[in-house]
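K.L.:
Checked TrEMBL, it gives:
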REPEAT    A:77-111  repeat 'PPR'
REPEAT    A:178-212  repeat 'PPR'
REPEAT    A:279-313  repeat 'PPR'
REPEAT    A:380-414  repeat 'PPR'
REPEAT    A:415-449  repeat 'PPR'
REPEAT    A:450-484  repeat 'PPR'
REPEAT    A:551-585  repeat 'PPR'
REPEAT    A:586-621  repeat 'PPR'
DNA sequence: ATAGGGTTAG
């Protein structure tokens, strides 16, 4: 028998093509295709072979050829339709897939259980819940509900459309479930933020004894990461290892994401280092994790390494880089990032655009932020909120409010974050009543104030000098059942400092202890500050010594406390101790220690420290540092040198530093210079009562009592609050009455008696006199007595 | 049929 006698039919080629589909062997399949064509029409025009060719090219993702062959088909059966719909689905052409689904029915071909999963997938990705429900009806009518592939796709479709109740109904009604069914349910919950439900389904699945796959574990890890669920996530990692799941990019990324979100960066780094192949997502995860934990240097280093692995930055990488620029106010890096986005066409991405706007805002370039905002076409809620927050931050409440109305005009309804920013904007601009008004408006419109709303108010009120109201809001927050955060506690402590009220301060301290808040560094720092400023250095010391591991901020607070109480020796000792502990002092430390020297009149120590700060610690002095030195120089009567320093320092003098010189003018009877400085000061800060007090004191020192009482009237007219310094004006005023009364010199005892009265009056007004108040008053009184003798 | 990453308020 001759070999040629075997008749090889067209079906054999169909089988061969099917083999190529399984193997995804494009090249072999193309050779078979060539042979079919060579063999002539009997083979090439066979319906089975033609269909198989379409299926082959479709499965091998060769859309041009697949579609061309499909259009040439004389008979389009359910198999070729399924191949084309599936191809369009895989290529992301969901609309075309659905058009195919409709067209096949118009041509009398009934979709089968191979087409339906793709159709449902297309409905899901387009979120066409109406059509999806229609397909669901078709599935039930045609009896495909029992097919686990179809029903799992229904679960997925409902999940993608956000209708979790229906996804669950389909899921629960399924008699036969496989791991994909379970996975689809878990994924549906995770993607819709129902993380706890996802975890519950995962546990049910374990009880049923279904072996998890990479998909299961990856989704479970996402849910754990979103819930900060440490134990669950670690279990997920353990399951991945115990089941010897392949650590591919997706599973690996999920593990890294989990560790990053719960703050275990070292573990994230370890998993990263063990991954054999990494893609842009893997790198981005570690980069954004570094940025979120303010390790910008490490993040940028990772960017360089990523580039050396020949991976391109994408929009996610860029939003991390721009965030890094924002948190460090690095405008140079930010602009480079912005340029990169323009070159690579990434600015059209809303998240990237948002990061660019935020970057410019945080680098104090609000006009540039606005320009970028105006250039965007697609504006989501976050984008509006970012610009709103930028205006609020700097107290441009009018702009913020305009934006708040404009976003509603553009049909973007504000959320709690938007309301919080508007409130913040008012508070930063000193518009306390407007802020409170917005607070009640938001509630009447059905928005529940959250922790940040309350904290914004408490902090804003405390900073604007409404200490009592701040404390009241803190109490109201408890009544609303919101547990305070560290930020709200430090804010309410600031409120106690503002009043100042040792009584409330102690009450808040008691609250902290009762509610078992751990004495964290920021809380302890605020407590030290509060006790010091409310007059109890002993309690400040007690809190300070309670902290076992001390960090720089609490040292700074304690040094500043000693400075305030005139205990410069203790401040200097603590300053030395901190350096012995190996802690490098910062700019704030020097502000405190210099002010201690300045209050105690330790001229040489202060000048030496100032010199050390510049030469040994390589720091650029800020206004406060100059202020202390100016005050030191003034104190020893070196007004010329103080003025020279002000004129040569690298910035315009602020009200505080001029005020400090003004105070010196009082001490040294330089009334002309004092008046000259005052003119500038009232221009700079017309509402700073300290300036009025300082000038009044200068007048008082010169015995010009008419001007003293004029200044008091001026303060009254301008609605300025009385502060502890005002008592000194009164002292001057009353001394004058003494002197003028019968022409005799005032007696020491009587003056002291009067000072005692003043101190009790201060207490009555709610001020807790601190040691320096008493010392100041007494020493000044003595000077007067000498002056009058 | 199912899977991973980035943005806003104190």
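Including glycine, each Cβ sits where the backbone N, Cα and C put it.
Curation plays no part in TrEMBL annotations; they are all automatic predictions.
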K.L.:
How many of the residues that make up the repeat 'PPR' (A:586-621) does DSSP mark as helix, as strand and as coil?
P.N.:
27 helix, 0 strand, 9 coil
K.L.:
By Cβ distance under 8 Å, which residues at least 6 away from the ends of the repeat 'PPR' (A:279-313) in the same chain are close to it?
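P.N.:
Same-chain contacts beyond the ends: 249, 252-253, 256-257, 260, 263, 265, 268-269, 272, 319-321, 323-324, 327-328, 330, 333, 340, 344.
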K.L.:
Please spell out the DSSP helix, strand and coil residue counts for the repeat 'PPR' (A:77-111).
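P.N.:
Summed over the repeat 'PPR' (A:77-111), the classes give 26 helix, 0 strand, 9 coil.
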K.L.:
With DSSP as the yardstick, break the repeat 'PPR' (A:415-449) down into helix, strand and coil residue counts.
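P.N.:
Split into helix, strand and coil, the repeat 'PPR' (A:415-449) gives 26 helix, 0 strand, 9 coil.
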